[in-house]
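S.K.: Features from Swiss-Prot:
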DOMAIN    71-117  domain 'F-box'
REPEAT    119-144  repeat 'LRR 1'
REPEAT    148-173  repeat 'LRR 2'
REPEAT    174-199  repeat 'LRR 3'
REPEAT    205-224  repeat 'LRR 4'
REPEAT    250-275  repeat 'LRR 5'
REPEAT    301-325  repeat 'LRR 6'
REPEAT    326-351  repeat 'LRR 7'
REPEAT    354-379  repeat 'LRR 8'
REPEAT    383-404  repeat 'LRR 9'
REPEAT    405-428  repeat 'LRR 10'
REPEAT    430-455  repeat 'LRR 11'
REPEAT    456-480  repeat 'LRR 12'
Amino acid sequence: MNIYIFSKEKKRKKVVCDNLSKTRGSRREHCEPHRRRMGQSTSKFRRSKTTFTSPVLPNLREQNSGADEPYDYISNLPDECLSLIFQSLTCADLKRCSLVCRRWLTIEGQCRHRLSLKAQSDLISVIPSLFTRFDSVTKLVLRSDRRSLGICDNAFVMISVRCRNLTRLKLRGCPEISDLGIIGFTENCRSLKKVSFGSCGFGVKGMNALLNTCLGLEELSVKRLRGIGAGAELIGPGGAAGSLKVICLKELHNGQCFAPLLSGAKGLRILKIFRCSGDWDRVFEAVRDKVNAIVEIHLERIQMSDLGLTALSKCSGVEVLHLVKTPDCTNVGLALVAERCKLLRKLHIDGWKTNRIGDEGLIVVAKYCWNLQELVLIGVNPTKLSLEAIVSNCLNLERLALCGSDTVGDTELCCIAEKCLALRKLCIKNCPITDDGIKALGNGCPNLLKVKVKKCRGVTTQGADLLRKRRALLVVNLDAPETPIVEGSVGEGGAQENAVEFPPSRLQIPTIGLASGSTSRSSSFKLRLGFLSQRNFVSCALRRLGSRSRSRNE
């Protein structure tokens, strides 16, 4: 039996060896075709190989037979597939791909939908060739600076002729574009949906032309529009008022001329007004009965009182409200907003330390706004009375920030730690808290993930260490001085010598990594630089005194 098995294995090995020798001959035949041309006979046996054929790619053996170079797979890809690949690349990679061949250059230009250009006066010479290559642009950004002459009306209209499918337009620092340029541009680009202007030279006529021509406009942002003066005409509503969802006005001298547009935008969802002069109470009173779909309101440094807040409270669907440095707003206006806007989720208040918004308004917020998830109080002085009401009633409160408050101490912080169960992020800045309040966070707020403490002199590194031991997964970002800062008065002669501030020691105590903020780095660097300069000044003064005493003794 063993002899039979051995003879059988020996025959099998012999067959395998014969096959290997035959296949080697076929490989030699494939690798050295020049020998066959000299009359050398080829092997009769040739191993059959299964060839793969793709419905998209042709048979590679037929096209590459006898070729020494590897087959180019990408050449057989359709333009649509290559365009999809290019869309997933970065701008730098797209530039490199455009240098490969003319076909890639054409496809790269066709798949570019966003184009950002430096809008100088010499751009007009390259507009035809530039937009012939990039003929599928839907988002266009034109930027210029004060040092150079910007793009003119003729060049601006020339661009619109070649970009009729444009949906987004952003102009920054283009004072040479006038009302005529905007009118000509909007005649050719009627599909605009998002428009943003900053530091441009056109005025009311250009804005009205935009609103009357681009009927599908959804977002409008205007900043420092120089053509709108004190005696400007009214803007809007226009045909685009029905489709507008976002309006943002920044740093306008006569922003009240947009009142017809605001009152005519029935579907307006987001309203942002930043640092615009003039009385806004009348504007909001005209808007209150006509616009009811507003969800988000941002108001910063504008002249508005409780009358304006009362008018805005008619929009019962408001979920986000930012009141930043509006000193004429008081607890009365905030209470009316809280009573009528019960869906409020985010509330940011910067009281500018005027003490006009405090416990009374915040208690009303706690009473009606149960869905509150984010609360930011800057320059407001809440006490335990209002904070306890908020953390007890607003059970979904996840983010809380208390900055620049003189009344938020350890008592208030202990109340937050005890009753704010859903809190995930806490920020305390420039408040009179100590290590006792920080220790209380270790026993409360079970869902807390991140704590940020800045410019709180009573908090030391020891308190942060103890918090880390109790809550290992908690990220703590601490910016506390090692030694108490000596306060000094500043008189006519400048800062006194004893008013030396020591640089704070930045301590980050996470078990999970956390990047420190750039502002804290810059402030710490400035403090170190000031301390070193003062130390050098003192050393120089001592050297001078020593040299004088030596000269006198001699």
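Positions of Cβ are set from backbone N, Cα and C atoms, glycine also.
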S.K.: Can you give the mean pLDDT for the repeat 'LRR 2' (148-173), rounded to a whole number?
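M.R.: Summing pLDDT over the repeat 'LRR 2' (148-173) and dividing by its length gives 93.
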S.K.: Per DSSP, what is the helix/strand/coil residue tally across the repeat 'LRR 1' (119-144)?
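M.R.: Summed by class, the stretch gives 12 helix, 6 strand, 8 coil.
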S.K.: Under the DSSP assignment, what numbers of helix, strand and coil residues are found in the repeat 'LRR 11' (430-455)?
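M.R.: The breakdown for the repeat 'LRR 11' (430-455) reads 9 helix, 6 strand, 11 coil.
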S.K.: List, by number or range, the same-chain residues at least 6 past the repeat 'LRR 4' (205-224) whose CB is under 8 A from its CB atoms?
M.R.: 178-179, 181-183, 186-187, 189-199, 235-241, 243-252, 258, 261
S.K.: According to DSSP, how is the repeat 'LRR 7' (326-351) divided among helix, strand and coil residues?
M.R.: 10 helix, 5 strand, 11 coil
